[in-house]
Amino acid sequence: MEVVIGELVPKALALYNTEKIMLSTSFLLVGFYKLTYPIIYFFNLSTDLFLKPFGYSQADEVDEPHTGDEIRLLVEESYKSGLIDESEQRLVDNIFEFEEKKIREIMVPRTDMVCIYESDSEEKILAILKEEGVTRYPVCRKNKDDILGFVHIRDLYNQKINENKIELEEILRDIIYISENLTIDKALERIRKEKLQLAIVVDEYGGTSGVVTIEDILEEIVGEIQDEFDKEETHIKKIGAGSYLVDGTESINYINKYFGLDIEHDGFDSIGGWISYMLGSNIKVNQSVTFENYNFTILELDKLRVVKLIIKSVI
């Protein structure tokens, strides 16, 4: 009876209404902690004095932070037990990868950079703005290795409206250069320190490798960020009769609508996350899942994340 009333019942009540009970009893716990702290401190100090001559010290779990692997394991178990959903698990994984990835892995490569050249006419500049819809443009002298700075689309339009002309040198802003081997977290720190929104990425010889923005970096943590200039895109491409190449990030809601399916996705946002769940932890390229009238085959993986897959009709 003592165990039931004194231990099991309070635990059950606390688990049933955790937040309310925690808030209502926290002041008692804090008061008890402050009241007993001198006694606890005395006993801990005595223990340390006794252990010190033998080269030992007390192991304080509170003072020892969890390693990254331990936190990842806890998050994975929480995901499996349904305490967190797929997007929350992916967010934590992305944070840990933040310090490992190089900026060259997420930059817009040189070949895809949209630039304005100082010799461009007003008509050409306005055509670029209309076609590309980018907010910031590097300005080059002769080529992409000779960058003068960058201009903001707002400044370009304001200048055109107010002065009926475009003079790049009058609205040119400074730009910074970062190494392609810099980790993402260090790159973010540098860009924020300079209070800028983008940086030019250079290789070991000083040549332009690409460009990276704050948005590119943040998307590595939270996923795709859609701004007012981005066009709504689908990540589904038909590659044959009844066959489709699909990004693993495509939402299950869209997959259901596109293919007329009814995939239940409590806790899942993306089709890649659903496939990972269906196949378990040892997923491999070319593994497949069949659902209703379609076969889902993994085409590309990044560790355990499904990057690309093929969806093919089986009828």
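Just so it is clear, glycine is given a Cβ too, placed from its N, Cα and C backbone atoms.
In TrEMBL this protein carries:
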- 1-88: domain 'CNNM transmembrane' (DOMAIN)
- 21-43: transmembrane segment (TRANSMEM)
- 107-166: domain 'CBS' (DOMAIN)
- 171-228: domain 'CBS' (DOMAIN)
### Task
Pull the DSSP breakdown for the domain 'CBS' (171-228) and write it out as helix, strand, coil residue counts.
20 helix, 16 strand, 22 coil
### Query
Which residue counts does DSSP give the domain 'CBS' (107-166) for helix, strand and coil?
25 helix, 15 strand, 20 coil
